[in-house]
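Chemist: So TrEMBL lists these for the protein:
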TRANSMEM  24-49  transmembrane segment
DOMAIN    39-288  domain 'G-protein coupled receptors family 1 profile'
TRANSMEM  89-116  transmembrane segment
TRANSMEM  128-149  transmembrane segment
TRANSMEM  196-214  transmembrane segment
TRANSMEM  235-258  transmembrane segment
TRANSMEM  270-290  transmembrane segment
Amino acid sequence: MEMRNQTRYFLLLGFTEEPDMQPLLFGLFLSMYLTTFTGNLLIILAIISDSHLHIPMYFFLSNLSFADICFSSTTIPKMLMNIQTQSQVITYAGCLSQIFFFLVFGCLDNLILAVMAYDRFVAICHPLYYTVIMNPQVCGMLALGSWCISVTGSLLDTLTLLRLSFCMNMNIPHFFCDLPEVLKLACSNTLINNTVVYFVVVVLGIFPLSGILFSYSQIFSSILRISSSRGKHKAFSTCGSHLSVVSLFYGTSLGVYLSSAATSSSRTSLVASVMYTMITPMLNPFIYSLRNRDMKGALIRLLGRVASLSDGDVAGFS
């Protein structure tokens with residue numbers, strides 16, 4: 001049976017229906033979300049408050065942190081609410097909205113990482129022209145272009161869902177409306193949808209990754225030509241944090257793809273997707289704060305100012 005344009009809701013099956021596991025899952029994912037939100041927000045505030053960090057690399061890092069906050073906020077709060085209320089329902093409009101914003105911020109992560117790789121490429125391979133090439137206008141256009149391309153690609157994927165008819169089985173074996181899982185529920189032909197998905201993956205996935213690989217091939221080639229070991233270490237240190245984040249992001253995404261291709265089990269894909277939807281955004285602030293001396297110093301100064309303000313408020317009340 002089909003329900004063309006009459007679909008009212010889907011059911012997100014989540015991780016487990018066992019009542020004893022729900023409090024554990026709620027506490028685990030709430031702590032992960034709060035860590036992700038707080039860590040990335042601190043990165044943004046530290047960059048805004050410290051004039052020494054008002055340079056292209058940290059401008060793009062603040063965009064990445066904002067995208068990570070939104071990426072996590074697209075899926076985790078709904079999952080926490082479902083666990084707390086013991087409900088698996090998500091409305092049809094809510095599901096489409098979740099797919100759209102999940103794709104927007106996922107694609108934005110891809111593009112911002114590619115832009116950051118280009119920034120490191122210019123800084124290391126063309127240092128004398130860095131301030132000319134990466135001027136504020138260019139940085140603004142690169143960030144705005146990343147947003148516009150992400151929104152356009154996500155609209156293509158989401159709007160093509162409106163033409164589909166869905167069967168009576170509305171169960172999604174996931175903790176959020178994952179586009180491939182939703183397409184599996186369709187009774188009508190999904191050829192157009194699959195074609196659009198592959199097109200968007202190539203444009204917003206393969207192309208940015210190719211740009212990152214090309215940038216780092218040039219960066220490593222330039223670093224190897226540096227004669228002094230101190231100069232090599234300094235050059236590596238400027239892109240070490242970004243390279244760690246790139247490896248984590250694409251490594252977990254590739255893991256999800258390979259796990260899905262190797263097995264038809266939706267449960268395996270669900271567990272693997274936790275890595276790039278929750279773990280990666282949570283770890284990014286730690287990577288940048290622990291591996292980057294300037295970022296670590298800015299965070300310490302920010303937390304010091306917050307602590308002094310708190311002490312002043314306490315003294316004022318006493």
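The backbone N, Cα and C atoms fix where each Cβ goes, glycine too.
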Chemist: By a Cβ-Cβ criterion of under 8 Å, what residues six or more beyond either terminus of the transmembrane segment (89-116) are in contact with it?
Modeler: 7-12, 57, 60-61, 63-64, 67-68, 70-71, 74-75, 78, 82, 142-143, 145-147, 149-151, 153-155, 157-158, 161-162, 172, 176-179, 182, 200, 204-205, 207-209, 211-212, 215, 242, 245-246, 249
Chemist: Mean pLDDT across the domain 'G-protein coupled receptors family 1 profile' (39-288), rounded to an integer, is what?
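Modeler: Mean per-residue confidence for the domain 'G-protein coupled receptors family 1 profile' (39-288): 87 out of 100.
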